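K.L.:
Let me give you the structure first, and then I'll get to my questions.
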Amino acid sequence: MQISPSILSADFANLQHELDRIANADWAHIDVMDAHFVPNLTIGLPVVERLAQVSPIPLDCHLMIDDPDRWAPQYAEAGGSSVTFHVEAAKDPRAIARDLRAAGARAGMAIKPNTPFEPYEDLLDDLDMVLVMTVEPGFGGQTFMADQMPKVTQVREAVRRRGGEVWVQVDGGVSAKTIEQCAEAGADVFVAGSAVYGAQDAAAAIDELRRLVTAHGH
Ligand SMILES: O=C(CO)[C@@H](O)[C@H](O)COP(=O)(O)O
């Protein structure tokens, strides 16, 4: 299991310091938003490139942007060790996934709460991770959507059937209250923004999330 704190809840004036606060996490989840695919605007390539140089842990870039066919491989080249695009915005998701791997990144595909997984199951062969959104993408601090748990299980079962090594990530409203049900449903990578950065001690919050999952044998 892996923890990936979302910097959307971090202090954007002190990002290097904010990355150092989560050095005991597995990944730093970088929310890239373009004010088109989602109604919010965050950071782009030049900032990601610099964060990759100073981060103590690898970057897990979540692209909430239009035209990932054009942009996603550039986030891999900028230093994203994992790059996740939204299938709703993609023209050719398989080509994006292959381009990401060719650029040296893990290839992730995200699905919004109202997007079904079945039509995309065949893409698993070219993917390293599926991100099941547990809020509508765009903002931190939203309420966890427990009704997405069957989709998490559906993805996990499809991965098992195919015998692959694809990770299943959840993002949105993940906290000490909700992380166990995510693990129970089959998630193994947990994004948490406000639950980590909203805590006085971010490293302790990460340890607690990890403990909750491992204590239950996941
Ligand atoms: O991608 C997103 C929101 O679009 C997430 O990464 C959030 O930033 C998670 O924040 P919390 O719900 O954990 O506060």
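Every residue gets a Cβ built from N, Cα and C, even glycine.
Per TrEMBL, substrate binding site is recorded for S6, H62, G138, F139, G140, G141, D171, G172, G173, G193, S194. The divalent metal cation binding site annotation in TrEMBL covers H29, D31, H62, D171. The feature active site, proton acceptor is assigned by TrEMBL to D31. Annotated active site, proton donor per TrEMBL: D171, in sequence order.
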K.L.:
Rounded to the nearest angstrom, how far is the Cα of D31 (divalent metal cation binding site) from the Cα of S194 (substrate binding site)?
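P.N.:
On Cα coordinates alone, these residues lie 13 Å apart.
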K.L.:
By a simple count, how many Cβ atoms lie within 10 Å of the Cβ of H29 (divalent metal cation binding site), its own Cβ left out?
P.N.:
27
K.L.:
For G173 (substrate binding site), which residues of its chain lie six or more apart in sequence with Cβ-Cβ distance below 8 Å?
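P.N.:
Result: T134, V135, Q142, T143, F144, M145.
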K.L.:
Using DSSP, would you call S194 (substrate binding site) helix, strand or coil?
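P.N.:
Its secondary structure by DSSP: helix.
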K.L.:
Tell me the Cα distance separating D31 (divalent metal cation binding site) from G138 (substrate binding site), rounded to the nearest angstrom.
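P.N.:
Distance (Cα to Cα, whole Å): 9 Å.
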K.L.:
Please report the DSSP secondary structure of G138 (substrate binding site), reduced to three states.
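P.N.:
In the DSSP reduction, G138 (substrate binding site) maps to coil.
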K.L.:
Taking only the Cα atoms, work out how far S6 (substrate binding site) lies from H62 (divalent metal cation binding site), in Å, as a whole number.
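P.N.:
It is 10 Å, counting Cα to Cα.
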K.L.:
Quick check: with H29, D31, H62, D171 left out, which same-chain residues have Cβ atoms within 8 Å of the centroid of the divalent metal cation site Cβ atoms?
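P.N.:
So the extra residues in range turn out to be S4, S6, L8, I30, D60, C61, T84, L131, V191, G193.
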K.L.:
Comparing the binding-site residues S6, S194, which residue's C-beta has the most other C-beta atoms within 10 angstroms in this structure?
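P.N.:
Of S6, S194, the one with the most crowded Cβ is S6.
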K.L.:
Using Cβ atoms only, which residues of the same chain lie under 8 Å from G140 (substrate binding site) while being at least 6 residues apart in sequence?
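P.N.:
The answer is S6, L8, S9, G193, S194.
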K.L.:
Can you give me the Cα-Cα distance between H62 (divalent metal cation binding site) and D171 (substrate binding site) in Å, rounded to a whole number?
P.N.:
10
K.L.:
Taking only same-chain residues 6+ apart in sequence, whose CB is under 8 Å from that of D171 (substrate binding site), what do you get?
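P.N.:
S6, H29, H62, A110, L131, V132, M133, T134, V135, V191 - these are the non-local Cβ neighbours of D171 (substrate binding site), listed in sequence order.
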K.L.:
Under a three-state reading of DSSP, tell me whether H62 (divalent metal cation binding site) is helix, strand or coil.
P.N.:
strand
